Amino acid sequence: MSAHFRSVALIGKYQSADVAESVFAIANHLRQRGLVVWIEQGTASSIGGAADFTVASYEEIGSRAELAVVIGGDGTMLNAARRLAEHQVPLVGVNLGRLGFLTDVARSDALQRLEEIVDGRYSEESRFMLDAEVLRSGERVFQTLALNDVVVNKGDLGRMIEFDLSIDGEFVYTQRSDGMIISTPTGSTAYALSANGPILHPGVGGIALVPLCPHALTARPVTLPDTCRIEIRLLPPHDASIHFDGQARFDARAGDCVRLGRSPLAVRLLHPEGYNYYAMLREKLHWSAVPRHN
C-alpha cells in the first residue's frame, strides 16, 4: 500500500533518558517505508547520534513536513502544537509520559499504529487554541498561543490576589482568590480538572473559567461560548504570574490586563484507527474501576 504521508518529522521530549531509543526505532522504521524523515534540531541535540538523519528546525518542519510525530508526554505535544499551529502540520503523539491525554499512541505498539496512520487509517480532529495577550497601560507587552489553558495565579505570594473579570466588555465580578484558570476543552482534563472544573468534550465550542481557591462560597466554574472575549485586570497592590500551557510565563504587575479568546489557529490532531474519546477518559481516569479490598 502506498503511503498517505510522504514526509514526517520526529519531535522528542528534551532531556529524557528513554526517548532516544523510541525516536531512532520510529525513524528507521518510517525510512524503511520510503518516507523522508527529519528529526527536530532540539531533539537531535538532546539524544545525540542523529547524524544519519536530516535535522530540521520547527520552521523547516512547518514548511516541509506532511506529518509530525511527537514522542514524549502531553507537555511535549503542547510545545510542538504551539510551534507548528500556524503551519497546520497534523500531529500524532506517542506517549512516553504519564497520563497522555494528547499522546494517545502507546510506546509498545507505536510502530504498528504509525504504520496504520501513514497508510491513511486514522481519525482527525481539530482542537482550537486560545490567543492571549497582556496589556500594560494599553500597550501589548506579551502575546502567545495556548492549547490547554491560561492560568493567572498569585505566583510567589503567600496571599490571595484580586482582579476584575469582564466578558465581551461587560463587567462580571471582582474576585479575591489564588487566581483563575481559563481552559479550552483540550485543557479541561489538565489543571482545570484538578480545580474541580468541568470536562469539556473536544467538540464543544466552550471556554471554561475555573477559580482557584476563591474567597467566596458562590464562586463556581463557568463555561462560556468560544466567541467570547475575556479580560482579567489585576487590581492594586497585587502582582501575579500568568502561565500559558504551564510552559511560557509572564510576570504581570498590578493594573495589567490579560485579554484572550479563541484563536483563528487550530491544531490538527490525528488518532489511531478505533480511537474513542470516552474509552480514553475511562482508561486515563479509571472510570468503572473495581475497588480493591485488601
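Easy rule for this one: first residue shown is 1, then count along the chain.
Backbone N, Cα and C define each Cβ position, glycine as well.
Listed in sequence order, the residues of the same chain lying 6 or more apart from ASP74 (active site, proton acceptor) and placing their CB within less than 8 Å of its CB are GLY93, GLY97, LEU99, GLY100, PHE101, LEU102, THR103, ALA190. Annotated active site, proton acceptor per Swiss-Prot: ASP74, in sequence order, evidence recorded as sequence analysis.
For ASP74, GLY75, ASN148, ASP149, ARG159, ARG176, ASP178, THR189, ALA190, TYR191, ALA192, LEU193, SER194, GLN247, the entry in Swiss-Prot reads NAD(+) binding site. Within 10 Å of the C-beta of ARG159 (NAD(+) binding site) there are 8 other C-beta atoms, taking all protein chains into account.
Comment: NAD(+) site residues ASP74, GLY75, ASN148, ASP149, ARG159, ARG176, ASP178, THR189, ALA190, TYR191, ALA192, LEU193, SER194, GLN247; largest CA to CA distance 31 Å, whole number. ALA192 (NAD(+) binding site) falls within a helical segment according to DSSP. Comparing the binding-site residues ASN148, SER194 on other C-beta atoms within 10 angstroms of each C-beta gives the minimum for SER194.
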